[in-house]
Amino acid sequence: MVSADVARNIVGIIGNVISFGLFLSPVPTFWRIYKAKDVEEFKPDPYLATLMNCLLWFFYGLPIVHPNSTLVLTINGIGLVIEGAYIIIFIIYAANNTRWKILSVLAIEAAFMAAVVAGVLVGAHTHEKRSMIVGILCVIFGSIMYASPLTIMGKVIRTKSVEYMPFFLSLVNFLNGLCWTGYALIKFDIYITIPNALGTIFGLIQLILYFYYYRLTPRKGKNVELPTVLTKNAVTSGNVSVTVEK
């Protein structure tokens, strides 16, 4: 029979793979931004929230805070690099007001993270206390990360279009939350359970919205305007007749 630790490690590895897919899922979006040299209607909020979330979970996974958390440490280290790349692309191609907003949020996140690290290492001297403090912060910011697509979901409902809510991102978001919730429940960790359970719920809502509004989303196509010719009898008859040249 598989022990709880082995089962947890297996689920954790699967979770890492899915999380890696979650981090890579916006690649088509950023390829579109790169080709258009414009961020269009895409929002930076999810990527800023995910960056902060990865920073906190990376700190949580360090041996000086929560020993034996290699899987948490590695995937969030990878996430930091990938999310950082996305934000750089946003900064390059965003309008000035959005660019300054992103830089302001990054400055606040950096200052906050520095304060957390200093406060935890100086003020808490056991793994239990450090894990509790950082774990609570991870719950808060993990919940914010999973809730950040609410701005996009609101846009989907207003516009009745899923153009700016990619399906693959919504699907992987749901699977990621589901897998890490299972990981946390095998050997109960409340700090991992709460944000990922919320992520599962929000991911499911996104999928429901996607399938509901997919058929209502306008398809992009070329509008072909055929040339028209007015006949000579248009004025004398009092009506305008139009001949379409094929």
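Using N, Cα and C of the backbone, Cβ positions are placed for all residues, glycine too.
From a predicted model like this one, the values you see are computed outputs, not experimental measurements.
Features as listed in TrEMBL:
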- 6-25: transmembrane segment (TRANSMEM)
- 46-65: transmembrane segment (TRANSMEM)
- 71-95: transmembrane segment (TRANSMEM)
- 102-126: transmembrane segment (TRANSMEM)
- 132-152: transmembrane segment (TRANSMEM)
- 164-186: transmembrane segment (TRANSMEM)
- 192-213: transmembrane segment (TRANSMEM)
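Same-chain neighbours of the transmembrane segment (164-186): 4, 7-8, 11-12, 14-15, 18-19, 21-22, 25-26, 28-29, 40-43, 146, 149, 152-153, 155-156, 192-193, 196-204, 206-207, 209-210, counting only residues six or more beyond its ends whose CB sits under 8 Å from a CB of the stretch.
Contacts between the transmembrane segment (71-95) and the transmembrane segment (132-152): absent, as fewer than 3 C-beta pairs lie under 8 angstroms at sequence separation of six or more. Put simply, of 6-25, 102-126, 132-152, 192-213, the stretch with the most CB pairs closer than 8 A to the transmembrane segment (46-65) is 132-152. For the transmembrane segment (6-25), the residues of the chain that approach it from at least six positions outside its boundaries are 50, 71, 74-75, 78-79, 82-83, 166, 168-169, 172-173, 175-176, 179-180, 182-183, 186-187, judged by C-beta separation under 8 angstroms.
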